[in-house]
Amino acid sequence: MHTSTEARMGMRAALTGFAVLMLLQSCSAYKLVCYFTSWSQYREGVGSFLPDAIQPFLCTHIIYSFANISSDNMLSTWEWNDESNYDKLNKLKTRNTNLKTLLSVGGWKFGEKRFSEIASNTERRTAFVRSVAPFLRSYGFDGLDLAWLYPRLRDKQYFSTLIKELNAEFTKEVQPGREKLLLSAALSAGKVAIDTGYDIAQIAQHLDFINLMTYDFHGVWRQITGHHSPLFQGQKDTRFDRYSNVNYAVQYMIRLGAQASKLLMGIPTFGKSFTLASSENQLGAPISGEGLPGRFTKEAGTLAYYEICDFLKGAEVHRLSNEKVPFATKGNQWVGYEDKESVKNKVGFLKEKKLAGAMVWALDLDDFQGTCQPKEFFPLTNAIKDALA
(Lines of atoms letter the chains of each structure in order from A and count residues from 1; the text may use other names and numbers.)
(Lines give C-alpha, C1' and ligand atoms only; values in the text may rest on other atoms or scores of the structure.)
Protein backbone atom coordinates (compact mmCIF):
# COMPACT_ATOMS: atom_id res chain seq x y z
CA MET A 1 0.00 0.00 0.00
CA HIS A 2 2.78 2.37 1.04
CA THR A 3 4.75 1.59 -2.13
CA SER A 4 1.81 2.22 -4.49
CA THR A 5 1.10 5.57 -2.77
CA GLU A 6 4.74 6.54 -3.27
CA ALA A 7 4.53 5.44 -6.89
CA ARG A 8 1.39 7.48 -7.44
CA MET A 9 3.02 10.53 -5.82
CA GLY A 10 6.10 10.02 -7.95
CA MET A 11 3.97 9.76 -11.11
CA ARG A 12 2.02 12.89 -10.11
CA ALA A 13 5.25 14.82 -9.52
CA ALA A 14 6.59 13.68 -12.88
CA LEU A 15 3.39 14.73 -14.65
CA THR A 16 3.42 18.09 -12.86
CA GLY A 17 7.04 18.59 -13.89
CA PHE A 18 6.16 17.67 -17.48
CA ALA A 19 3.21 20.12 -17.44
CA VAL A 20 5.47 22.91 -16.16
CA LEU A 21 8.04 22.09 -18.86
CA MET A 22 5.36 22.13 -21.57
CA LEU A 23 4.05 25.44 -20.25
CA LEU A 24 7.54 26.95 -20.29
CA GLN A 25 8.08 25.70 -23.82
CA SER A 26 4.76 27.11 -25.02
CA CYS A 27 5.53 30.45 -23.36
CA SER A 28 9.02 30.62 -24.80
CA ALA A 29 7.59 29.80 -28.22
CA TYR A 30 6.46 33.43 -28.61
CA LYS A 31 8.78 35.47 -30.78
CA LEU A 32 9.84 38.98 -29.81
CA VAL A 33 11.36 40.42 -32.97
CA CYS A 34 13.09 43.77 -32.48
CA TYR A 35 14.33 46.15 -35.16
CA PHE A 36 17.49 48.21 -34.76
CA THR A 37 18.11 51.15 -37.11
CA SER A 38 21.66 51.90 -38.28
CA TRP A 39 21.03 55.66 -38.56
CA SER A 40 20.22 55.93 -34.83
CA GLN A 41 24.00 56.12 -34.26
CA TYR A 42 23.93 59.69 -35.65
CA ARG A 43 21.52 61.09 -33.05
CA GLU A 44 23.08 63.60 -30.70
CA GLY A 45 24.27 62.85 -27.18
CA VAL A 46 22.21 60.29 -25.26
CA GLY A 47 20.09 59.65 -28.37
CA SER A 48 23.00 57.89 -30.14
CA PHE A 49 22.52 54.12 -30.27
CA LEU A 50 24.81 51.28 -31.35
CA PRO A 51 24.16 47.51 -31.39
CA ASP A 52 26.30 46.83 -28.33
CA ALA A 53 23.73 48.79 -26.26
CA ILE A 54 21.20 45.99 -26.88
CA GLN A 55 20.56 43.60 -24.00
CA PRO A 56 21.29 40.12 -25.46
CA PHE A 57 18.34 38.39 -23.73
CA LEU A 58 15.75 41.10 -24.45
CA CYS A 59 14.50 39.82 -27.84
CA THR A 60 14.36 36.42 -29.53
CA HIS A 61 15.27 37.96 -32.92
CA ILE A 62 17.00 41.25 -33.77
CA ILE A 63 16.68 42.75 -37.25
CA TYR A 64 19.35 45.17 -38.49
CA SER A 65 17.88 47.92 -40.69
CA PHE A 66 18.74 48.49 -43.50
CA ALA A 67 20.96 46.86 -46.09
CA ASN A 68 21.22 48.14 -49.65
CA ILE A 69 21.21 46.54 -53.11
CA SER A 70 24.17 47.56 -55.29
CA SER A 71 24.02 48.75 -58.90
CA ASP A 72 24.92 45.19 -59.99
CA ASN A 73 21.89 43.87 -58.02
CA MET A 74 23.80 42.35 -55.11
CA LEU A 75 22.93 42.60 -51.42
CA SER A 76 25.33 45.17 -49.95
CA THR A 77 26.07 47.43 -46.98
CA TRP A 78 24.57 50.90 -46.64
CA GLU A 79 26.45 52.79 -43.91
CA TRP A 80 30.21 53.34 -43.88
CA ASN A 81 30.52 51.31 -40.66
CA ASP A 82 27.91 48.60 -41.28
CA GLU A 83 30.50 45.81 -41.17
CA SER A 84 31.67 46.91 -37.72
CA ASN A 85 28.06 47.17 -36.51
CA TYR A 86 27.18 43.75 -37.99
CA ASP A 87 30.01 42.36 -35.88
CA LYS A 88 28.81 44.15 -32.72
CA LEU A 89 25.28 42.86 -33.23
CA ASN A 90 26.27 39.27 -33.95
CA LYS A 91 28.64 39.19 -30.96
CA LEU A 92 25.51 39.34 -28.78
CA LYS A 93 25.00 35.70 -29.81
CA THR A 94 28.08 34.67 -27.83
CA ARG A 95 26.15 35.70 -24.69
CA ASN A 96 22.74 34.41 -25.85
CA THR A 97 23.22 31.39 -28.10
CA ASN A 98 19.46 31.22 -28.83
CA LEU A 99 19.38 34.75 -30.27
CA LYS A 100 18.72 35.04 -34.01
CA THR A 101 19.79 38.02 -36.11
CA LEU A 102 18.41 39.06 -39.48
CA LEU A 103 19.39 41.74 -41.97
CA SER A 104 16.58 43.86 -43.41
CA VAL A 105 16.93 45.12 -46.97
CA GLY A 106 15.06 48.13 -48.35
CA GLY A 107 13.19 50.65 -46.23
CA TRP A 108 11.69 54.06 -46.97
CA LYS A 109 14.88 55.64 -48.29
CA PHE A 110 15.49 52.71 -50.67
CA GLY A 111 12.08 53.22 -52.26
CA GLU A 112 9.72 50.92 -54.12
CA LYS A 113 11.02 51.78 -57.62
CA ARG A 114 14.41 50.07 -57.21
CA PHE A 115 12.78 46.95 -55.74
CA SER A 116 10.38 46.89 -58.68
CA GLU A 117 13.26 47.12 -61.20
CA ILE A 118 14.98 44.13 -59.60
CA ALA A 119 11.96 41.92 -58.91
CA SER A 120 10.37 42.41 -62.34
CA ASN A 121 13.51 41.40 -64.26
CA THR A 122 14.51 37.71 -64.16
CA GLU A 123 18.24 38.37 -64.63
CA ARG A 124 18.43 41.08 -61.95
CA ARG A 125 16.23 39.12 -59.54
CA THR A 126 18.37 35.99 -59.92
CA ALA A 127 21.57 37.97 -59.29
CA PHE A 128 20.10 39.44 -56.11
CA VAL A 129 18.67 36.13 -54.85
CA ARG A 130 22.01 34.35 -55.36
CA SER A 131 23.95 37.11 -53.58
CA VAL A 132 21.93 36.97 -50.35
CA ALA A 133 23.00 33.72 -48.63
CA PRO A 134 26.80 34.22 -49.08
CA PHE A 135 26.48 37.80 -47.77
CA LEU A 136 24.45 36.76 -44.71
CA ARG A 137 26.74 33.83 -43.92
CA SER A 138 29.90 35.92 -44.25
CA TYR A 139 28.72 38.34 -41.54
CA GLY A 140 27.05 35.78 -39.27
CA PHE A 141 23.37 36.64 -39.84
CA ASP A 142 20.64 34.01 -39.50
CA GLY A 143 18.28 35.38 -42.12
CA LEU A 144 16.89 38.12 -44.36
CA ASP A 145 13.97 40.49 -43.84
CA LEU A 146 12.41 42.13 -46.91
CA ALA A 147 11.26 45.71 -46.39
CA TRP A 148 9.75 46.62 -49.77
CA LEU A 149 7.74 49.74 -48.93
CA TYR A 150 5.44 49.16 -50.78
CA PRO A 151 4.78 46.95 -53.82
CA ARG A 152 2.34 48.47 -56.32
CA LEU A 153 -0.37 46.52 -58.13
CA ARG A 154 1.97 45.74 -61.04
CA ASP A 155 4.54 44.38 -58.53
CA LYS A 156 2.18 42.04 -56.67
CA GLN A 157 3.22 38.88 -58.51
CA TYR A 158 6.89 39.93 -58.67
CA PHE A 159 6.95 40.31 -54.88
CA SER A 160 5.53 36.79 -54.51
CA THR A 161 8.09 35.42 -57.00
CA LEU A 162 10.97 37.15 -55.19
CA ILE A 163 9.92 35.61 -51.87
CA LYS A 164 9.40 32.17 -53.41
CA GLU A 165 12.83 32.22 -55.09
CA LEU A 166 14.62 33.44 -51.95
CA ASN A 167 13.02 30.63 -49.95
CA ALA A 168 14.03 28.07 -52.61
CA GLU A 169 17.61 29.41 -52.61
CA PHE A 170 17.78 29.21 -48.79
CA THR A 171 16.52 25.60 -48.92
CA LYS A 172 19.10 24.68 -51.58
CA GLU A 173 21.90 26.32 -49.60
CA VAL A 174 21.41 24.22 -46.44
CA GLN A 175 24.24 21.86 -45.51
CA PRO A 176 24.65 19.31 -42.69
CA GLY A 177 25.24 21.13 -39.40
CA ARG A 178 24.05 24.44 -40.83
CA GLU A 179 20.53 25.71 -40.24
CA LYS A 180 18.41 27.06 -43.06
CA LEU A 181 18.45 30.86 -43.26
CA LEU A 182 15.27 32.56 -42.04
CA LEU A 183 13.10 34.66 -44.35
CA SER A 184 10.70 37.34 -43.13
CA ALA A 185 8.99 40.39 -44.61
CA ALA A 186 7.77 43.68 -43.17
CA LEU A 187 4.24 44.20 -44.47
CA SER A 188 1.97 47.22 -44.30
CA ALA A 189 -1.12 46.83 -42.12
CA GLY A 190 -3.11 49.30 -44.21
CA LYS A 191 -5.98 47.70 -46.13
CA VAL A 192 -5.26 49.57 -49.37
CA ALA A 193 -1.55 48.59 -49.34
CA ILE A 194 -2.44 44.96 -48.51
CA ASP A 195 -5.00 44.72 -51.32
CA THR A 196 -2.68 46.45 -53.81
CA GLY A 197 0.68 44.80 -53.25
CA TYR A 198 0.38 41.45 -51.49
CA ASP A 199 -0.89 38.01 -52.42
CA ILE A 200 -1.02 37.05 -48.74
CA ALA A 201 -1.87 33.35 -49.13
CA GLN A 202 0.97 32.90 -51.61
CA ILE A 203 3.74 34.77 -49.77
CA ALA A 204 2.81 33.47 -46.31
CA GLN A 205 3.65 29.89 -47.27
CA HIS A 206 7.25 30.86 -48.19
CA LEU A 207 7.99 33.14 -45.20
CA ASP A 208 9.08 32.01 -41.73
CA PHE A 209 7.28 34.97 -40.20
CA ILE A 210 5.54 38.21 -41.16
CA ASN A 211 6.30 41.52 -39.43
CA LEU A 212 2.95 43.29 -39.65
CA MET A 213 3.46 47.05 -39.27
CA THR A 214 0.38 47.74 -37.16
CA TYR A 215 1.19 51.41 -36.65
CA ASP A 216 1.21 54.64 -38.68
CA PHE A 217 -2.53 54.12 -39.26
CA HIS A 218 -3.19 57.82 -38.64
CA GLY A 219 -1.19 60.76 -39.91
CA VAL A 220 -1.22 64.44 -40.74
CA TRP A 221 -3.10 63.71 -44.00
CA ARG A 222 -6.27 63.21 -41.92
CA GLN A 223 -6.09 66.85 -40.72
CA ILE A 224 -7.36 65.82 -37.27
CA THR A 225 -5.79 64.19 -34.21
CA GLY A 226 -5.87 60.42 -33.95
CA HIS A 227 -3.82 57.60 -32.51
CA HIS A 228 -1.51 55.91 -35.01
CA SER A 229 -1.75 52.42 -33.46
CA PRO A 230 -5.17 51.85 -31.84
CA LEU A 231 -5.86 48.27 -30.79
CA PHE A 232 -9.56 48.49 -31.66
CA GLN A 233 -11.88 50.74 -33.66
CA GLY A 234 -12.96 53.94 -31.90
CA GLN A 235 -16.56 55.05 -31.34
CA LYS A 236 -16.06 58.14 -33.50
CA ASP A 237 -14.26 56.37 -36.35
CA THR A 238 -15.56 57.15 -39.83
CA ARG A 239 -16.28 54.46 -42.42
CA PHE A 240 -12.70 54.55 -43.72
CA ASP A 241 -11.18 54.63 -40.22
CA ARG A 242 -12.78 51.32 -39.28
CA TYR A 243 -9.90 49.60 -41.12
CA SER A 244 -7.25 51.62 -39.28
CA ASN A 245 -6.64 49.55 -36.17
CA VAL A 246 -4.61 46.53 -35.07
CA ASN A 247 -7.61 44.25 -34.61
CA TYR A 248 -8.91 44.76 -38.16
CA ALA A 249 -5.46 44.37 -39.76
CA VAL A 250 -4.68 41.13 -37.91
CA GLN A 251 -8.06 39.55 -38.64
CA TYR A 252 -7.92 40.68 -42.28
CA MET A 253 -4.47 39.13 -42.78
CA ILE A 254 -5.68 35.82 -41.34
CA ARG A 255 -8.79 35.96 -43.52
CA LEU A 256 -6.56 36.41 -46.59
CA GLY A 257 -4.58 33.28 -45.76
CA ALA A 258 -1.76 34.28 -43.39
CA GLN A 259 -1.26 31.66 -40.68
CA ALA A 260 -1.66 33.18 -37.21
CA SER A 261 1.41 31.13 -36.21
CA LYS A 262 3.53 33.21 -38.63
CA LEU A 263 2.08 36.62 -37.84
CA LEU A 264 3.89 39.11 -35.60
CA MET A 265 1.98 42.14 -34.36
CA GLY A 266 3.99 45.35 -34.68
CA ILE A 267 4.17 47.50 -31.54
CA PRO A 268 5.76 50.96 -31.87
CA THR A 269 8.08 52.46 -29.26
CA PHE A 270 7.57 55.84 -30.95
CA GLY A 271 4.62 58.21 -30.80
CA LYS A 272 3.04 60.36 -33.52
CA SER A 273 2.51 64.02 -32.74
CA PHE A 274 0.45 66.88 -34.15
CA THR A 275 0.23 70.64 -33.75
CA LEU A 276 -3.30 71.65 -32.78
CA ALA A 277 -5.13 74.25 -34.86
CA SER A 278 -7.26 75.57 -31.97
CA SER A 279 -7.84 75.21 -28.22
CA GLU A 280 -9.69 71.95 -28.92
CA ASN A 281 -7.37 69.10 -27.88
CA GLN A 282 -9.36 65.86 -27.74
CA LEU A 283 -9.49 62.98 -30.23
CA GLY A 284 -10.56 64.30 -33.65
CA ALA A 285 -9.48 67.89 -32.90
CA PRO A 286 -8.35 69.90 -35.97
CA ILE A 287 -4.60 70.13 -36.56
CA SER A 288 -2.40 72.58 -38.44
CA GLY A 289 0.39 70.09 -39.11
CA GLU A 290 2.88 67.65 -37.62
CA GLY A 291 4.10 68.00 -34.06
CA LEU A 292 7.39 69.66 -33.16
CA PRO A 293 10.54 67.58 -33.76
CA GLY A 294 12.05 65.79 -30.77
CA ARG A 295 15.30 67.02 -29.26
CA PHE A 296 17.19 63.90 -30.38
CA THR A 297 15.18 62.30 -33.20
CA LYS A 298 14.69 65.67 -34.93
CA GLU A 299 11.78 64.45 -37.07
CA ALA A 300 8.56 66.47 -37.16
CA GLY A 301 5.54 64.40 -36.12
CA THR A 302 7.50 61.56 -34.48
CA LEU A 303 8.83 61.23 -30.93
CA ALA A 304 10.91 58.46 -29.34
CA TYR A 305 9.52 57.04 -26.10
CA TYR A 306 12.34 58.70 -24.13
CA GLU A 307 11.31 62.06 -25.65
CA ILE A 308 7.66 61.36 -24.79
CA CYS A 309 8.63 60.79 -21.13
CA ASP A 310 10.04 64.30 -21.12
CA PHE A 311 6.90 65.66 -22.85
CA LEU A 312 4.65 64.03 -20.22
CA LYS A 313 6.03 66.29 -17.48
CA GLY A 314 3.21 68.81 -17.03
CA ALA A 315 1.12 67.28 -19.84
CA GLU A 316 -2.54 66.23 -19.69
CA VAL A 317 -2.74 62.45 -20.17
CA HIS A 318 -5.84 60.66 -21.49
CA ARG A 319 -6.62 57.00 -22.18
CA LEU A 320 -8.88 55.97 -25.05
CA SER A 321 -11.17 53.33 -23.55
CA ASN A 322 -12.18 51.71 -26.87
CA GLU A 323 -8.82 51.91 -28.63
CA LYS A 324 -6.89 50.89 -25.45
CA VAL A 325 -4.09 53.42 -26.02
CA PRO A 326 -3.03 56.73 -24.40
CA PHE A 327 -2.51 60.24 -25.74
CA ALA A 328 -1.18 63.39 -24.11
CA THR A 329 -1.56 67.11 -24.75
CA LYS A 330 0.52 70.11 -23.70
CA GLY A 331 0.01 73.57 -25.15
CA ASN A 332 -0.63 73.16 -28.87
CA GLN A 333 1.05 69.72 -29.03
CA TRP A 334 -0.82 66.37 -29.16
CA VAL A 335 0.94 62.97 -28.94
CA GLY A 336 -0.48 59.45 -29.37
CA TYR A 337 1.87 56.84 -27.94
CA GLU A 338 2.26 53.48 -26.17
CA ASP A 339 2.86 52.85 -22.47
CA LYS A 340 3.28 49.71 -20.36
CA GLU A 341 -0.48 49.28 -19.99
CA SER A 342 -1.23 49.59 -23.71
CA VAL A 343 1.51 47.16 -24.76
CA LYS A 344 0.28 44.62 -22.20
CA ASN A 345 -3.23 44.93 -23.68
CA LYS A 346 -1.78 44.32 -27.13
CA VAL A 347 0.12 41.23 -25.99
CA GLY A 348 -3.09 39.92 -24.37
CA PHE A 349 -4.81 40.37 -27.74
CA LEU A 350 -2.08 38.62 -29.75
CA LYS A 351 -2.14 35.68 -27.33
CA GLU A 352 -5.91 35.44 -27.69
CA LYS A 353 -5.51 35.37 -31.49
CA LYS A 354 -2.71 32.78 -31.18
CA LEU A 355 -0.23 34.94 -33.10
CA ALA A 356 3.48 34.09 -33.30
CA GLY A 357 4.42 37.02 -31.09
CA ALA A 358 5.28 40.71 -31.27
CA MET A 359 7.54 42.88 -33.40
CA VAL A 360 9.03 46.09 -32.02
CA TRP A 361 9.94 49.17 -34.06
CA ALA A 362 12.45 50.08 -32.76
CA LEU A 363 14.89 49.38 -29.93
CA ASP A 364 16.61 52.74 -30.42
CA LEU A 365 13.29 54.57 -29.93
CA ASP A 366 12.58 52.86 -26.59
CA ASP A 367 14.12 54.34 -23.43
CA PHE A 368 17.41 52.47 -23.76
CA GLN A 369 19.24 54.90 -21.42
CA GLY A 370 16.79 54.56 -18.51
CA THR A 371 15.89 58.27 -18.46
CA CYS A 372 12.12 57.82 -17.84
CA GLN A 373 12.69 55.77 -14.69
CA PRO A 374 16.24 55.54 -13.33
CA LYS A 375 17.89 52.20 -14.19
CA GLU A 376 14.82 50.93 -16.06
CA PHE A 377 16.14 50.19 -19.55
CA PHE A 378 13.97 49.43 -22.61
CA PRO A 379 10.76 49.72 -20.51
CA LEU A 380 8.28 49.15 -23.36
CA THR A 381 10.17 46.23 -24.90
CA ASN A 382 10.65 44.68 -21.46
CA ALA A 383 6.93 45.11 -20.72
CA ILE A 384 6.16 43.25 -23.96
CA LYS A 385 8.67 40.53 -23.07
CA ASP A 386 7.19 40.11 -19.57
CA ALA A 387 3.63 39.96 -20.95
CA LEU A 388 4.67 37.30 -23.49
CA ALA A 389 6.16 35.11 -20.74
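Quick reminder: no glycine exception, Cβ is built from N, Cα and C everywhere.
The feature signal peptide is assigned by Swiss-Prot to 1-29.
Swiss-Prot lists 30-389 with the feature domain 'GH18', giving sequence analysis as the kind of evidence.
Per Swiss-Prot, the feature disulfide bond maps to Cys34-Cys59 (among others). In three-state terms derived from DSSP, Cys59 (disulfide bond) belongs to neither a helical nor a strand segment and is classed as coil.
A strand conformation is recorded for Asn68 (N-linked glycosylation site) in the three-state DSSP classification. For Asn68 (N-linked glycosylation site), the same-chain residues lying six or more positions away in sequence with a CB closer than 8 A to its CB are Leu75, Ser76, Thr77, Trp78, Val105, Phe110. Positions annotated as N-linked glycosylation site by Swiss-Prot: Asn68.
All protein chains included, Gly106 (chitin binding site) registers 22 other Cβ atoms within 10 Å of its own Cβ. According to Swiss-Prot, the chitin binding site annotation covers Glu79, Trp80, Gly106, Gly107, Trp108, Lys109, Tyr150, Met213, Thr214, Tyr215, Asp216, Trp361.
DSSP assigns Cys309 (disulfide bond) to a helix. When Cβ atoms from all protein chains are considered, those within 10 Å of Cys309 (disulfide bond) total 17, not counting its own. Annotated disulfide bond per Swiss-Prot: Cys309-Cys372 (among others), in sequence order.
The annotation region 'Important for AKT1 activation and IL8 production' is assigned in Swiss-Prot to 333-347. Helix, strand and coil counts from DSSP across the region 'Important for AKT1 activation and IL8 production' (333-347) read 8 helix, 4 strand, 3 coil.
Within the group of disulfide-bonded residues (Cys34, Cys59), the Cβ with the highest number of other Cβ atoms inside 10 Å belongs to Cys59.
Counting other C-beta atoms within 10 Å of each candidate's C-beta, the binding-site residues Trp108, Tyr150 are led by Tyr150. Between the farthest pair of Cα atoms in the chitin binding residues (Glu79, Trp80, Gly106, Gly107, Trp108, Lys109, Tyr150, Met213, Thr214, Tyr215, Asp216, Trp361), the distance is 31 Å. Looking only at the domain 'GH18' (30-389), the predicted model's pLDDT averages out at 98.
Here Asp216 (chitin binding site) is positioned 20 angstrom away from Cys309 (disulfide bond), judged by their C-alpha atoms.
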